[in-house]
Amino acid sequence: MFSELLTKVFGSRNDRLIKQYRRQCAAINKLEPAMKALSDEALKAKTQEFRDRLEKGETLESLLPEAFAVVREASWRVLGMRHFDVQLIGGMVLNDGKIAEMRTGEGKTLTATLAVYLNALPAKGVHVVTVNDYLAKRDAEWMGRVYHFLGMTVGTIYSQQPNEEKVQAYAADITYGTNNEFGFDYLRDNMEYDINHRRQRGLHYAIVDEVDSILIDEARTPLIISGPADDNTELYSKINDIPPLLTRQATEKGEGDYWVDEKAHQVYISEEGHEHIEKILTERGLIPQGQSLYSAQNIILMHHLMASLRAHSLFKRDQHYVVQNGEIVIVDEFTGRLMPGRRWSEGLHQAIEAKEGVKINQENQTFASITFQNYFRMYEKLSGMTGTADTEAYEFQDIYGLETVVIPTHKKMIRDDQQDKVFRTVDEKYRAIIEDIKDCNKRQQPVLLGTTSIENSEALSQLLDKEGIKHNVLNAKQHEREAQIVLEAGRPGVVTIATNMAGRGTDIVLGGGINKHIDDIKNNPDLSEEEKSAEIEKIKAEWQVEHDKVVAAGGLRIIGSERHESRRIDNQLRGRAGRQGDPGSSCFYLSMEDPLLRIFGGDRMRAIADKLKLEEGVAIESNMLSRMIESAQRKVEGRNYDIRKQLLEFDDVQNDQRREIYRLRNEILESNDLSEMMTNLRHGYFTDLFRTYVPADTVEEQWDLSTLGTILKSEWGIDIDFAGMLEKSNSTTDEDLLKALIDECDRIYNDKVELAGAQAMSDFAKQVTLQVLDSIWRAHITALDALRQGIYLRGYAQKQPKQEYKREAFSMFETLLDRVRENVMRILMTVRIQTREEAMAEQQRAQEEALARAQAQAQAQAIAKAQEEAKRKVVHDDEGRELSFTGISPAGVDLDKIDWRGVSRNDLCPCGSGKKFKNCHGHID
């Protein structure tokens with residue numbers, strides 16, 4: 001109440017910020033005539049002038065009015081597009097490291113050029129982050145023309161790009177790419193063994209397009225680089241047969257084997273279910289008779305079972321994933337786009353592969369991972385743009401420290417947002433939607449029908465086919481045609497079904513998009529300038545007729561077939577209509593069988609419907625119902641926020657460790673001389689080893705020098721007579737013994753350096769340290785994941801799971817550093833360094849031994865062959881006489897008692913003939 005009163009008197013903070021920005025707009029507008037008077041060359045020269053002024057001490061803020069005026073003029077000359085004042089305000093918001101909320105069609109792409117150009121002047125690199133490769137390439141080419149005109153370089157990164165190209169793209173002043181690719185490149189850079197193969201050159205400034213999609217919707221999904229782990233693929237197939245044999249509980253306390261919590265997206269096995277499952281597993285020979293499912297040896301089996309239960313009960317085909325070319329491809333729940341290459345972790349992906357009967361791929365071990373939350377927080381300056389951020393303003397501020405500023409529209413919005421229509425059943429709802437589309441069709445009003453899943457979009461598509469209504473379907477399965485379908489969506493009478501926000505980033509223009517057609521004409525070398533102008537005028541005239549038809553019919557009609565969990569996604573769908581002052585309308589059709597209403601408040605709504613005694617096909621339209629739906633969405637948004645916040649709190653622990661490991665890794669990678677680091681590692685490790693058996697501040701009787709000496713000799717090849725040193729002098733202290741050990745370790749290591757050469761040994765130490773660090777870090781990540789999954793059980797012991805996780809994770813990190821140090825020392829202290837002569841002599845010996853082995857093998861094979869032949873046919877000697885391997889030889893030897901296997905070809909034949917074996921019984925025809 002008081003906050004509303006204060007807002008009325010003083011205005012909101014957003015209003016006050018907009019007033020400040022408008023004052024700066026006036027300063028920029030005053031510079032416009034001066035910029036228009038400049039020649040192209042003089043305008044281009046401004047970039048170098050600004051860079052020179054920065055070097056002399058000016059700030060970006062002092063350059064802003066002039067720089068913005070330069071970009072506005074360059075854009076007009078190159079693209080024929082002039083920034084409106086509201087776009088200048090958007091550019092200032094982005095430059096201040098805030099989020100600019102701009103309505104659909106207000107020109108976010110053009111707005112970004114202002115802040116991008118200004119922040120690219122220091123030549124530290126600006127990253128423009130988009131949601132897909134298509135938008136990254138489109139915007140880089142489109143807006144790149146402005147940057148190139150002003151003398152700046154532009155690069156684009158994409159998946160599967162050759163490393164040399166990617167390095168070049170990051171070296172540009174401005175780099176476009178997807179959030180996934182920027183994040184993965186950061187992880188890849190921290191896995192490289194050669195400094196020249198690293199891609200990114202620092203995280204200076206980023207503008208995130210569709211910032212809500214990237215920093216909110218995808219925040220729960222960490223980026224993971226992984227490799228194959230142990231192969232349990234056969235077990236997934238065996239376990240896949242079990243869920244269909246189990247009974248799902250209708251209620252949490254009801255009868256059955258397992259309960260599906262749709263709100264939490266989890267599955268829980270009941271007591272009755274445990275017994276039933278153990279019986280099934282025992283019958284199938286998967287666990288021994290009488291053994292519990294929760295025995296230590298059955299942990300992997302339990303892991304597989306839970307993954308299979310989730311796959312069968314929570315993940316639906318054509319909603320959460322599609323089967324494409326014999327593979328399971330994840331569908332993004334917020335955008336409806338396919339995510340090829342992405343895999344669910346914790347065995348879930350393999351369980352779904354088993355369920356769908358496709359090839360089961362091996363589980364993976366995580367090599368490196370990071371959340372988008374922690375990746376983007378590493379940028380020195382971060383900003384973002386979207387049409388719908390205000391509902392998540394608190395989360396942007398709380399997690400990322402980003403303030404949201406709502407930018408006024410260039411023209412007043414006149415879209416008619418109608419009351420939700422709620423029906424009893426899905427069938428009733430679908431019939432009402434079809435009738436609405438029929439009505440629009442009669443008036444030639446274009447319709448965009450939004451759905452929440454591929455399954456729903458295809459069901460509605462079939463109903464439209466039955467009615468003979470032509471339409472386009474835009475979902476994950478048709479993503480190749482996405483841009484073309486969106487271009488056509490504003491034409492008279494066109495009906496487009498879109499899954500969630502598929503097609504986001506491309507405006508729906510009333511009358512249809514013609515820019516691409518115009519560009520094709522402009523780039524046609526077969527047409528003269530006059531012909532091009534005539535063609536373009538013709539297309540524009542045709543478009544104007546189509547545009548006027550659509551406006552007369554009421555503009556674009558938005559129909560939502562279901563409310564999404566998030567109000568923001570609904571607002572994004574609505575925002576497709578009413579762009580730049582265009583007419584339009586929107587309405588959501590719901591049913592009490594929709595997941596959102598069923599899970600969150602369905603009983604209350606059904607009670608209302610029963611009281612009203614509604615006839616079939618009649619919708620409920622009431623403010624109270626709308627508030628209940630909004631309340632349900634707020635609940636889900638709050639739960640999802642808690643999940644993201646919790647994920648971040650846990651990931652922050654790993655992030656602190658990740659930063660330290662990557663800092664150490666980069667220090668090693670960038671160093672040309674590791675001798676000092678190796679000395680510190682060596683002294684530290686052997687001092688700790690010594691103090692394990694000879695603790696400080698103790699007397700000789702408490703020392704275990706015998707065990708210490710045995711370990712040093714057997715494991716390290718270090719032979720020091722500690723007992724002799726003590727006998728030799730009564731004044732010998734533990735420090736003297738330690739010094740003797742350290743000196744001996746230094747001597748051994750320095751001898752190796754002398755043999756190998758200082759640089760060669762340093763390079764070897766670098767590779768060894770990096771490989772050991774990476775190997776142990778990967779195992780540590782797996783251990784942290786396992787710790788996190790089980791840490792909630794500590795709550796039953798009245799302990800704080802988060803605090804316990806932090807404490808144990810820190811202890812594990814200390815152990816990791818100790819293991820790295822020990823493993824590096826084990827390799828460097830025990831490796832045998834060879835001189836060139838020794839290496840060549842050893843190589844010669846190895847070759848001679850290999851040759852001897854080959855000869856012996858060939859000889860053995862020949863004898864074996866001869867003996868085999870002897871069994872099958874008669875053998876003749878050189879004089880043509882038959883030789884028998886049985887009976888008595890002419891020399892009186894019993895041939896049956898001879899062991900022919902040990903006879904070499906050049907030995908005398910055992911038959912007593914006096915001939916060599918190869919000319920007698922070993923003769924081969």
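Backbone N, Cα and C atoms are what each Cβ position is placed from, and that goes for glycine too.
Per TrEMBL, the range carrying the annotation coiled coil out of 97-133, 282-318, 837-873 is 837-873. Within 8 Å of the centroid defined by the CB atoms of Gln87, Gly105, Glu106, Gly107, Lys108, Thr109, Asp507, the record's ATP site, lie the Cβ atoms of Met102, Thr104, Leu110, Thr111, excluding the listed residues themselves. Sequence-distant neighbours of Asp507 (ATP binding site) (same chain, 6+ apart, CB under 8 A from its CB) are Thr104, Gly105, Val486, Gly513, Arg579. Counting other Cβ atoms within 10 Å of each Cβ, the binding-site residues Gln87, Thr109 show the lowest value at Thr109.
With a cut-off of 8 Å between CB atoms and residues at least 6 apart in sequence, the same chain places Gly90, Ala100, Met102, Asp209, Met385, Thr386, Gly387 near Lys108 (ATP binding site), listed in sequence order.
When secondary structure is read from DSSP and collapsed to three states, Lys108 (ATP binding site) falls in the helix class.
The average pLDDT the prediction assigns to the coiled coil (837-873) is 65. Cβ neighbours of Glu106 (ATP binding site) (same chain, under 8 Å, six or more residues apart in sequence): Val86, Gln87, Gly90, Gly387, Ile407, Thr409, His410, Arg579, Gln580. For Gly105 (ATP binding site), other Cβ atoms within 10 Å of its Cβ number 22.
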